[in-house]
Amino acid sequence: MGKEKGHINVVVIGHVDSGKSTTTGHLIYKCGGIDKRTIEKFEKEATELGKGSFKYAWVLDKLKAERERGITIDIALWKFETPKYNVTVIDAPGHRDFIKNMITGTSQADCAVLIIGGGTGEFEAGISKDGQTREHALLAYTLGVKQLIVAVNKMDTTGWSQARFEEIVKETSNFIKKVGFNPKTVPFVPVSGFQGDNMIEPTTNMPWYQGWQKETKAGVVKGKTLLEAIDSIEPPARPTDKPLRLPLQDVYKIGGIGTVPVGRVETGVIKPGMIVTFAPAGVTTEVKSVEMHHESLDAGLPGDNVGFNVKNVSVKDIRRGNVCGDSKNDPPMGCASFTAQVIILNHPGQISAGYSPVLDCHTAHIACKFAELIEKIDRRSGKKIEESPKFVKSGDACIAKMVPSKPMCVEAFTDYAPLGRFAVRDMRQTVAVGVIKAVEKVAPGAAKVTKAAVKAGAKK
């Protein structure tokens, strides 16, 4: 076996009718995690139902249906490989909680693939004023997804028209520029997700197509297919050199072992023997051991979902939403308030000071009050439009001071991105998203330091 391939997460965005499922299904089907047996089973069902042309979307529909019935499907089904990477498709959108998932970041996307329907009228619908496409692209950008690929789909329905492709490239370039991307760094690939043109193999139907190119720090990169474009994603910097931040997903009590917090390492490294602090609980203790998939680790790295055993801490002391960090290296703290840039997505009324919805930030789920609307800003440029507005409504962006209703631990987006973005939930939907600019931290009072931590500290 050669060196293991790098791992990247790709989020697929675009209007519901752009052919996202077919395109994603095609890649997963041809390069991916769906085993032959499952495919044969699906093909047989498709034929029996008269869907004999076996659209790739059928694969995705099946997976989605199973997922929505609460059958957890082996997540490998949402994976495919390129020569350089193992790619995970994050929660193919169209899914209710897409926005929430993208923000609370079960996994942060390294790149977004924007699928545009090339058919007449489709493209226009997708990026009209209220288009979903605009919202998703803006979200991706706001939440720190800085790489983008545009696939112009359904080229087969345009008679493989060069003029139509060029028109869409021009319009889409303007559109993504407004969102914040630089079109020169974005590959534009004409494809047919259904027929397979330019997906994995170069097409023969578009002799005019010379290939895509994008500018990178290292120079110009060129290619033909969508698979090559995904393969050319620049590898993400995994933040191992930052101080540890590990938001807890759960805390278990395991007989004979003790208390075992579980969560995903977002930044830094967790190792046995480390003295860690949990915020906002203010508990400090020693890490006895670190495990992943029931195997003990010398170190848990960013992206790893780990369980770790802590000494002399009861399950009552720490909980989901707490953040674990290194007590000697910028330990996490609770916050009294924080300032954030908030984009209102869909709220039926007006939001003014005093509004207290629930915030989902990393694994925390806590009501926070909009204590003060500091200024209304242009959501693209970030420039101030109005000082101390009385209210904001859907489509607006503002800088607001937020006060959590109970202790919580968050960070500025520029310091620790995964702990610096949040979704505002109300009426069972995501009404706004935000990025934290600054945090007013609270030094813990008489915090609990376990005997194990004191002993281990004295040894050092």
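Even glycines carry a Cβ here, placed using N, Cα and C.
The model shown is predicted, which means the values in this text are computed figures rather than measured ones.
The N,N,N-trimethylglycine feature in Swiss-Prot is assigned to Gly2.
Here Swiss-Prot flags Lys3 (among others) as N6-methyllysine.
Annotation comment: Swiss-Prot describes Lys3 (among others) as N6,N6-dimethyllysine.
Among the features that Swiss-Prot reports, N6-methyllysine is placed at Lys30 (among others), with the record citing similarity to another entry. In the three-state DSSP scheme, Lys30 (N6-methyllysine) falls into the helix class. Shown in sequence order, Phe80, Gly196, Met199, Ile200 are the residues of the chain, 6+ apart in sequence, with a C-beta less than 8 angstroms from the C-beta of Lys30 (N6-methyllysine).
For 70-74, the entry in Swiss-Prot reads region 'G2', with the evidence type similarity to another entry. On the 0 to 100 pLDDT scale, the model's mean across the region 'G2' (70-74) is 42.
Here Swiss-Prot flags Lys79 as N6,N6,N6-trimethyllysine, drawing on similarity to another entry. Annotation note: Lys79 (N6,N6,N6-trimethyllysine) sits in a strand segment as assigned by DSSP.
The region 'G3' annotation in Swiss-Prot covers 91-94 and rests on similarity to another entry.
Taken from Swiss-Prot, the feature region 'G4' covers 153-156, and the record attributes it to similarity to another entry. Residues 18-19, 22-23, 115-119, 122, 165, 190-195, 197-198, 205-206 of the same chain lie 6 or more positions beyond the ends of the region 'G4' (153-156) yet place their CB under 8 Å from a CB of it.
For Lys316 (N6,N6-dimethyllysine), the Cβ neighbour count at a 10 Å cut-off comes to 10, with all displayed protein chains included. Feature annotation from Swiss-Prot assigns N6,N6-dimethyllysine to Lys316 (among others).
Sequence annotations record features per position, and here Swiss-Prot assigns N6-methyllysine to Lys316 (among others).
Residues near Lys390 (N6-methyllysine) in space but far in sequence (CB under 8 A, at least 6 apart, same chain), listed by position: Ser352, Leu373. Reduced to three states, the DSSP call for Lys390 (N6-methyllysine) is coil. Residues or ranges marked as N6-methyllysine by Swiss-Prot: Lys390 (among others).
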Exercise for review: Over the span of the region 'G4' (153-156), count residues by DSSP class, listing helix, strand and coil in order.
Suggested key: 2 helix, 1 strand, 1 coil
Point to revise | Neighbour tally for Lys79 (N6,N6,N6-trimethyllysine), based on other Cβ positions within 10 Å of its Cβ | key: 18
Exercise for review: Report, in whole Å, the straight Cα-to-Cα distance of Lys79 (N6,N6,N6-trimethyllysine) from Lys316 (N6,N6-dimethyllysine).
Suggested key: 38
Point to revise | DSSP three-state assignment for Lys316 (N6,N6-dimethyllysine) | key: coil
